[in-house]
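The transmembrane segment annotation in TrEMBL covers 12-31, 43-63, 75-94, 114-135, 156-174, 180-201. If you look up TrEMBL, you'll see 212-231 marked as region 'Disordered'. Here TrEMBL flags 221-231 as compositional bias 'Low complexity'.
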Amino acid sequence: MRAERVQAFSDGVFAILLTILVLEFVVPDYQEGHLFEAILGQWPIMFAYVLTFTYMGVVWLFHHDLFASVKTTSIWLNILNLVLIFVCSLLNYATSLLSTAIASGNGTDMAAAFGIYDVNAMAISAAFMVLYFYLHRHPKLYSSPVFDGYFGWMSRSAGISVLIYALALAANFWSIQLGAALLIGGVIFHALAYAGSAHSYRRSRRKMLRDARRQALKDAPGPGSESGPPA
């Protein structure tokens with residue numbers, strides 16, 4: 001299967017998941033003249049929406065760059081991609097739980113909701129870690145050997161994010177605020193890691209193009225090397 005087909009399918013799923021998030025917003029019940037206060041009371045929904053939209057947006061950017069580097073797929077690459085999409089799709093449910101628990105103000109419920117979100121985020125990072133490692137071990141699937149170091153580095157970066165979300169999960173048992181801060185920190189880490197990986201990706205692409213041009217010049221026949229037609 002061509003990588004473009006897998007990427008197109010995945011992009012469609014990510015677009016649907018991001019669109020579904022906004023369905024959490026409904027017009028609140030309010031007394032006449034107090035609409036603004038009622039809207040402010042929906043801040044838990046807005047918080048969960050912004051958090052997840054930012055997180056999913058960065059996840060999509062990672063996914064897009066990954067498959068832009070792949071020239072062909074394999075059965076296992078397709079399966080690993082489906083696993084990644086599956087755990088990403090669960091984030092909509094985790095987002096609903098989070099906004100509902102925050103709105104309730106119950107500490108036990110908030111700890112549970114943040115914990116479920118942490119586990120979901122860990123699963124997404126773990127899926128990326130395995131996906132990058134698989135590509136690192138199968139260089140025939142991607143477009144140039146210059147991406148070998150890139151995929152290895154990205155696999156290690158995904159492993160770090162798994163640890164961050166694991167710390168956030170553990171912190172929920174001690175302090176919900178600390179757990180929430182670590183969760184947000186994990187999303188920020190993803191954004192910073194993408195900025196670094198995008199630079200590395202562009203540098204790898206430039207090197208690949210330079211190498212291709214050098215090879216083309218080397219293979220091109222020199223002046224006077226063409227032989228005339230046989231007598």
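Cβ coordinates come from backbone N, Cα and C, glycine included.
TrEMBL labels come from automatic prediction, so no person has curated them.
Same-chain neighbours of the transmembrane segment (43-63): 10-11, 14, 17-18, 21-22, 24-25, 84, 88, 91-92, 94-96, 98-100, 102-103, 121, 124, 128, 154, 183-184, 187, 190-191, 194, 197-198, counting only residues six or more beyond its ends whose CB sits under 8 Å from a CB of the stretch. Highest Cβ contact count with the transmembrane segment (12-31) among the listed stretches 75-94, 114-135, 180-201 falls to 75-94 (criterion: pairs under 8 Å).
Taking Cβ pairs closer than 8 Å, the transmembrane segment (75-94) reaches residues 1, 6, 10, 13-14, 17, 20-21, 52, 55-56, 59, 63, 113, 116-117, 120-121, 123-124, 127-128, 130-131, 134-135, 138, 141 in its own chain, all 6 or more past its ends. Panel annotation: around the transmembrane segment (180-201), residues 51, 54-55, 58-59, 61-62, 65, 69, 114, 117-118, 121, 150, 153-154, 157, 160-161, 164-165, 167-168, 171 of the same chain, lying at least six beyond its termini, place a Cβ under 8 Å from a Cβ of the stretch.
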